[in-house]
Structure formats: C-alpha cells, structure tokens
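TrEMBL lists 37-59, 79-99, 111-130, 154-175, 196-219, 231-250, 334-354, 386-406, 418-438, 458-481, 502-527, 539-558 with the feature transmembrane segment.
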Amino acid sequence: MGDALEKTKTKSKEINSMYEDTSVDWRGRPCTSNKHGGMAAAAFVLGLQAFEMMAIAAVGNNLITYVFTQMHFPLSKSANVVTNFVGTVFFLSLLGGFLSDSYLGSFRTMLIFGFLELSGFSLLTVQAHYPRLRPPACDMGTGQQCMEAKGYEALMLFTALYLVALGSGCLKPNIISHGADQFRRQHPTQFQKLSTFFNCAYFAFCTGELIALTLLVWVQTHYGMDVGFTVSTAAMLLGLISLLAGTSFFRNSPPRGTIFTPIAQVFVAAFVKRKQICPSNSEMLHRSQNGVVKLLHTDNFRFLDKACIKSEEGRVGSEESPWKLCTVTQVEQVKIILSLIPIFACTIIFNTILAQLQTFSVQQGAAMNTSLTNSFQIPPASLQSIPYIILIFLVPLYETAFVPLARRITHTNSGISPLQRVGTGLFVATFSMVSAALVEKKRRNSSIVGSSLSILWIAPQFIIFGISELFTAVGLVEFFYKQSVEGMQSFLTAMTYCSYSFGFYLSSLLVSLVNKITGGASGGGWLSHNDLNNDRLDLFYWLLAGLSLVNFFNYLFWANRYSQEHEAQDLENPTSKPS
C-alpha cells in the first residue's frame with residue numbers, strides 16, 4: 001500500500017514537472033497570473049490572425065486570375081503557380097516552428113517574418129500598379145497568343161510571392177502556439193479553455209477570409225489588382241499593430257535550443273545500441289541527472305528505448321556521450337512525433353481538395369453565368385466566401401450549443417475528442433468533390449448546347465467543404481498542440497500546416513500526372529486545355545472523391561490504433577496528461 005502511494009506521488013511530481021511554468025514577459029521577467037496571459041492577451045493574437053488571413057486570402061484566392069490574365073501564364077501553369085505558392089506557405093511553417101522553439105521564441109518570430117510578409121505585399125502592389133513591370137495587355141480568353149511574363153517580370157512576381165510565402169509560413173504556426181501559450185497548462189481551468197481558443201482562432205480565420213473574399217475581391221475586380229493588393233498591404237500592417245499592442249500582456253515561452261539535435265541523438269543512440277535488449281522494467285532506463293522525467297514512458301516504438309540503456313562504462317560512473325545515451329524524455333518526444341505522422345498524413349488529401357476550390361473551381365465559376373441581377377455580378381473568386389459566411393454563424397453555434405450538448409454525452413471537455421472531430425471532417429469533405437463533379441458535368445453539357453448555368457450551382461461544393469473544415473482544421477491543430485511538450489509547441493503546430501503544403505503540392509503532381517496519363521497520342525489530357533469546355537474537370541473531381549473516401553478509411557485505422565495505445569497507457573498511468 002505504501003509503495004503504491006509513493007509511486008503515485010512520484011508520477012504526480014513527474015507530471016507537474018512536465019507543465020512547470022517557465023513563461024516570461026517581454027522583458028524576460030517571470031509572468032504574473034493577474035497581468036499576463038488569458039483570453040484578453042490572446043485577443044491581440046487573434047487580431048493578427050484575422051488581419052493576416054484577410055491580407056493573404058485576398059491575394060491567394062484570386063491569384064490564379066492575376067497570373068492568368070495579367071502575367072499570361074497558361075491555365076494549368078497558373079493553377080500550379082497558385083498551388084506551389086500556397087504549398088510553400090504551409091511548408092515553410094516548419095521553419096517558423098523550428099526557429100521559434102529553438103532560437104527566437106514565437107513573439108520575435110512573428111515580428112520578424114510579419115514584416116517580411118509586409119514587404120512582399122508591397123512589392124506585389126508596385127508590380128500590379130506599373131504596366132511596364134508586366135507583359136503587354138492581352139485577352140487570354142480570346143485564344144490570342146499572349147506574351148507570357150519572362151525575365152525581370154517573372155523574377156519580380158516570384159520574389160514578391162515568395163517573400164509573402166516566407167513571412168506567412170513562418171507566422172502561421174506561431175500565431176496559434178503563441179495564442180495557446182496564453183493559457184497555462186498546469187492550471188486546469190485555463191487549460192480547459194484551449195478548445196474555446198482554437199474555435200475563436202478559427203472564427204478569426206473565417207472573418208479574415210470572408211472579408212477578403214467579398215470586399216477585397218470586389219475591390220480587385222472593380223478597381224484593379226493594384227488597389228486590391230494595396231488593401232492587403234494595409235491589412236497586414238494593421239495585424240502587426242495588433243500584435244505590438246499586446247506586447248506587455250503576453251506570456252512568452254522562452255526558446256530551448258535546437259529541437260533537431262536531441263531528436264537525431266535518439267536515432268543515433270538507438271542504432272548504436274541496436275543489439276542491446278530492453279529491460280522489462282522501464283525504471284532501469286536512463287533518466288535526467290535529477291532522476292525526474294518530464295514525459296512518462298510508453299511501450300510503443302520500443303526499439304527507441306535502447307537509446308536509454310546505459311552501457312557498462314556508464315554503470316561504473318563514466319559519463320556517456322549524449323549521442324550514445326539519451327534520457328527517457330528525449331525518447332518520448334521522438335515517439336510523440338512518430339505517432340502523429342500517420343494522423344498528419346491522412347489530412348493531405350483533404351487539403352488537395354481545398355486546392356481545387358482555390359484554383360479550378362474559381363475558373364469553373366468564371367465559365368458560368370455570374371449575374372444575379374441585371375446590375376450585379378458575382379466575382380468567381382468570391383464564391384469561396386460562401387462557406388465562411390455560413391461558418392461565421394456555425395463556429396459560435398458549435399461552441400455554445402454543440403459542445404455543451406456533446407459534453408453531457410461524452411464527458412469530454414471539448415464535446416468530442418480532437419480525433420473524432422478530424423475524422424468527421426475527412427468524411428464530409430468527400431461529398432464536396434462529389435458535388436463538384438456532378439455540377440461540372442451539368443455545366444459542361446449546358447455549355448455544349450449553348451446555355452450558361454448559374455454560378456450558384458457550384459455553391460454546394462464550397463458549403464460542404466467549409467463544414468468539413470470546421471471539424472478537421474480546428475480538430476487537427478487542437479490535437480497536435482495538446483500532444484506537444486514544452487519546447488515543441490510551435491513545431492508540432494507547424495506540422496499541421498505542412499499538411500496544407502503537401503496537399504497543394506500533391507494537387508500540382510496530380511494535375512501533371514492526369515494530363516500525362518490521359519493525354520494519349522494527341523497530347524491533350526483532362527486538364528491540358530485553357531478552355532474548361534474542352535477539359536474533363538468532372539472526371540478529375542471524381543478521382544479526388546474516390547481518393548478522399550479511401551483516405552477516410554485509412555484514417556479510421558490509424559486513429560483507432562492511436563486511441564487504443566493511449567487508452568492502454570492511461571490505464572497503466574492513471575494520472576495522465578490533461579485533455
């Protein structure tokens with residue numbers, strides 16, 4: 001009885017050390033609970049989230065129109081320019097997460113790369129304003145041989161785009177992690193508010209997207225891309241002002257040195273000691289010098305435990321190299337990353353679907369009747385605002401109605417678990433592509449007989465995907481952040497954004513592969529023409545619907561496996577990580 005009580009106390013000390021508050025204010029002094037952090041401090045971060053999203057969404061979601069009509073790239077190449085740009089934004093989030101956790105901290109990282117993003121928007125504005133910096137005016141829709149942007153024109157375009165990509169990519173994971181860091185993990189009440197914060201962050205995201213896809217796209221359409229890019233630049237500046245205004249209220253997690261070296265040390269040490277036999281008692285594994293572990297030992301990926309086995313030299317007192325002997329905490333950090341990879345991979349197809357809504361679906365809308373009345377036309381890029389209009393109402397409803405109701409049934413603070421939330425969204429997303437395929441076939445058939453289908457027909461595919469994003473996008477970020485430990489928050493949050501990156505890159509790869517496979521002797525594939533009436537976009541959408549359904553069942557396998565492993569761990573260690 002006494003031994004069991006002592007073991008429980010030891011476990012509690014270990015868990016308390018996992019969440020020891022090391023936050024500091026902007027001057028490096030310890031934070032005070034009545035002045036720093038909480039939802040009030042997070043609100044300044046949410047301001048940056050809304051304004052930054054407004055700025056980049058207005059550029060990214062109408063970029064295919066700008067590249068196609070102003071820079072005269074072919075349609076398929078224009079689509080790839082957009083998907084590569086967006087993919088790079090999210091891929092660079094890993095860099096932002098690494099720099100934040102290792103060297104700069106999230107606040108400094110946001111400031112530095114926020115101003116880089118601002119410079120990219122400014123450069124885009126300058127090029128869009130001066131005709132001499134673009135190819136000669138030409139109507140790509142009439143079949144003319146228009147001069148494509150080359151030389152300094154293309155250089156300026158891609159320099160501006162990738163300055164924006166670098167800034168936004170490094171900013172995104174830190175917006176989420178810095179906002180979430182305002183809630184203390186060791187404080188049960190504040191930790192329970194994390195789910196609410198993630199929903200608020202998505203609400204800010206939706207607000208920025210909605211304004212970008214309505215007001216800013218309308219400005220681009222009626223007053224020119226240069227004026228639209230100027231508004232994006234101003235929005236980014238307002239976001240940085242919001243961030244700076246919260247400086248004295250923020251809780252800042254200090255950087256803890258490079259996170260990649262300890263990870264590499266685990267793999268090297270496990271390989272060096274690959275012939276060793278793991279002890280049956282995990283207490284025999286090497287811990288930190290003070291004997292306290294910051295992460296509880298788990299039984300998955302047992303081969304990595306060999307990195308914690310002391311050699312004969314280590315047992316007699318001589319110190320082993322950190323490349324030959326690692327702590328349990330180091331090994332468990334690597335196990336966390338490895339166990340999250342399958343969940344992460346299952347969201348890539350989801351974001352490939354998103355890529356279609358920002359590229360081909362915009363061109364799909366442009367080929368339809370955009371008139372609602374005799375005097376009002378819907379800009380095709382504004383179709384992407386439809387899901388966000390709905391989500392502006394659904395997100396508060398989810399938080400105030402669905403979560404309390406689900407909480408009574410599931411006894412989970414967030415209503416349903418993050419994994420359940422992700423899976424729901426993955427399943428719903430499939431029907432977005434089913435709707436897109438059916439409508440595209442109807443639009444194409446109508447065009448052949450000389451009639452024009454209303455642009456409102458493609459609204460359902462945006463609505464369905466928006467609902468799926470409410471579940472998957474928010475659930476994934478919440479899940480990854482809650483699995484992270486001190487010093488890894490921004491990096492693991494960045495992994496969720498990498499899913500967007502790989503999804504957009506996969507979209508570019510699929511477009512090229514589909515064109516190559518379906519081209520035949522004539523060389524014309526499903527998506528190789530600059531005219532959707534000659535393409536088979538509907539078949540491409542059906543392909544994505546099939547891939548999405550297969551991906552959903554793949555996700556069920558990995559999510560169920562992850563849940564079973566952690567349920568077993570919770571039974572072994574009743575005092576577990578907050579959820």
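In case you wondered, yes, glycine gets a Cβ from its N, Cα and C as well.
All annotation found in TrEMBL is predicted automatically rather than curated by experts.
Within its own chain, the transmembrane segment (539-558) has Cβ neighbours under 8 Å at 342-343, 346, 348-350, 352-353, 356, 360, 422-423, 426-427, 429-431, 433-434, 436-437, 440, 510-511, 514, 526-527, counting only residues six or more beyond its boundaries. Highlighted: of the candidate stretches 111-130, 154-175, 231-250, 334-354, 334-354 has the greatest count of Cβ pairs under 8 Å to the transmembrane segment (458-481). Only sequence-distant pairs (6 or more apart) were considered; of these, at least three Cβ pairs between the transmembrane segment (502-527) and the transmembrane segment (334-354) are under 8 A, so the stretches are in contact. Looking at 154-175, 231-250, 334-354, 418-438, the range that has the most CB pairs within less than 8 A of the transmembrane segment (37-59) turns out to be 231-250. Taking residue pairs at least 6 apart in sequence, the transmembrane segment (386-406) and the transmembrane segment (196-219) share three or more C-beta contacts under 8 angstroms. Cβ atoms under 8 Å from those of the transmembrane segment (111-130) belong to residues 48, 52, 55-56, 59, 66, 70, 96, 104, 153, 156-157, 159-171, 224-226, 228-230, 232-233, 236-237, 239-240, 243-244 of the same chain, restricted to positions at least 6 beyond its ends.
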